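Database features, via TrEMBL:
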TRANSMEM  B:72-97  transmembrane segment
TRANSMEM  B:103-127  transmembrane segment
TRANSMEM  B:134-153  transmembrane segment
TRANSMEM  B:173-195  transmembrane segment
TRANSMEM  B:224-243  transmembrane segment
TRANSMEM  B:255-273  transmembrane segment
TRANSMEM  B:280-299  transmembrane segment
TRANSMEM  B:305-327  transmembrane segment
Amino acid sequence: MLKLIGVRRGLPHEVGLGLLTLLLLALVTIAFPRFLVIDNLKSLVDDTALLIMLAVGEMFVLLTRGVDLSVAANAALTGMVVALFNAHYPGAGILPVLVIAIVMGAALGLFNGLLVWKVRIPSIVVTLGTLSVYRGCVYLVSGGAWVNSGQMSPFFLSFVRFPILGISVLSWIGLLVAVLAWLFLRYTVSGRNLYAAGNNPNAAGYAGIDVGRMQCLAFVLSGAIAGLAGYLWVARFAVAYTDVASGFELQVIAACVIGGVSITGGVGGVVGVVIGGLFLGIIKNALPVVGISPFFQMAVSGFVITVAVILNAGSYRKNHGRKILERAEASS
Amino acid sequence: MSTLSSSVPTRRTTSKPFTWRRLLRWETLLGLVVIADFLLNTKLSPYFLSPWTLSDASFNFTERAIMALPMALLIIAGEIDISVGSTMAMASVLMGLVAKAGFGTPMVCVTGIVVGVFAGGINGVLVTVFRVPSIVATIGTLSLFRGIAYAVIGDGVLKSYKPDFAYFGQGYVWGPVSFELVLFAALAIVFAIVLHTTVIGRRIFAIGANPVAARLSGIRVDAYKFWIFVLLGAVSGLASVLLTSRLGSTRPSIATGWELEVITMVILGGISIDGGQGSILGVVLSALLIGLVTFGLSLLNVPGIVLAIVTGGLLIGVVALSSIVGYSGRRRRH
């Protein structure tokens, strides 16, 4: 269907996906007008902002032909650390919390990146390992205990909820991350080099781009965003525990794939990822409104993801880049 | 044929009788780590070195190790499947329903395996017909299969299994030797023979090493990939029979996260994530290693989530070590 709407007429993937998302929104609203009330939309945007942020970070890594499975574990660990920091130093204010979240997330990302760049381990192996390690570290630093809203200071919790122009700070941060990522990819040399490194590593190497360094940069960016998202997640749900965002990395990758980011590297953009995230977010938030049992939600979103990747598969066939785990003729 | 088949893991070392490379061969390295950990466990706990303790130790990895065998084939062929844990959950739920409807144990087991075949078939079609990259396709089916399990029984539990069903997960063939362990050993031998001595095995390596060249030389690449997906599904169904039998009940959250543990086992076993390289011996050794390490630590009352750090650290540590000392078999792809 995406092909019918978008690709065949020479329109970018984003347009087709955007129309499909609007169609989805319209269908849900026609059937259940109460879906489109302001409160519901606010919570939809808040939920989706976290998914979109993480997906934008994941996109950097996917663009360089890597994959980061550790984003959710990174967010859980960073979220737990800032929650503990807040519980011990309640008077420190919001700035140290944000700095710790971003720096620590970036450091965890850097660890992934260095293993990929310097030790030359495939990214899927590295992040499969750090996924378990980071998640286990959440348990180590917290001792298995929960940090509840009672232990968090008011500014820690209210910062993400503070409304500016009717929209929460959380959503503004999500928007800011997306805009900065768009500007970075479009107007900076490093951003263009990320595409080059993923699209054709050999050619990029001849053009003087250090492909490994670009991969490392992508992991650091993904980690920093995941760290920030970790604080926002913990503050939004007002609780930190070991299983925060468990398994969320797969939804993040799904949002990227639906948004047209090629798993083979070098193809994709922020706009597509944002729409992909909104698409998944609308489905997730519409199901309870439509009255589908919570136990059916996973099956429905799984079905939608599967159908979406089949529809998107057309772009993989045309794309002559390398498939993950599969080598094309030219790239060895 | 036999010289060809045995030459693959040692291809770079056959010219010299002994080199450091040979000593650093993946399987040798793993074997040494297994022995070291075995001795360490013996030292740490006085109860470790009893046949029954060792038998207990085998239960915490055999189901995953059984799935690691066809997963190794799939990764060697250049694909991956991260939906196996969800396949197990879906198979277990349907087995529970069949048992609830009053069918006997044979029918329950057949159901589990048939569901697995069905799930593997879906993954195979997505990858070979619709051309979806396998990691993306199986992310979708991971949610789909697990979602079906939740949709069918919600937060309920199914446990109307007949008493004789318990044999598969709890029975012993001889003394402390469990049925699961015997099954794993038998399957490992079959997989090793097929992968390392038959035409089928050679073709799987060829497909993983260069799918385009394999197709041009007349190998039906898609057919092979499809049937390996189906095989992995069937074995996941079998693992689900074992796990359900061992637990005696079905919940939709059964085997959550196992896909990553199985893949960890395979990669730690020296199977190249880029395809085309590896051996069943390595997978068996890495399964033993993970089983021994986690069991040794749980004897010391280390909580399960900390074991995850050890498993993850082990994966990165061993792969990094081999990369740093220059194990030439691993090439950079990502």
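The backbone N, Cα and C atoms fix where each Cβ goes, and this holds for glycine too.
Just so you know, TrEMBL annotations are computer predictions that nobody has curated.
A Cβ distance under 8 Å defines the sequence-distant neighbours of the transmembrane segment (B:72-97), meaning residues of its chain 6+ beyond its ends; these are 108-109, 111-113, 115-116, 119-120, 123, 127, 134-135, 138-139, 141-146, 148-149, 152-153, 158-161, 191, 195, 204-205, 207-208, 211, 224-225, 228-229, 231-233, 236-237, 239-241, 243-244, 249-250, 252-260, 262-263, 266-267, 269, 271-278, 280, 283. Between the transmembrane segment (B:224-243) and the transmembrane segment (B:103-127), three or more CB pairs separated by 6 or more residues in sequence fall under 8 Å, so the two stretches touch. Below 8 A, the CB atoms of the transmembrane segment (B:305-327) and the transmembrane segment (B:103-127) form no more than two pairs separated by six or more positions in the chain, fewer than 3 in all.
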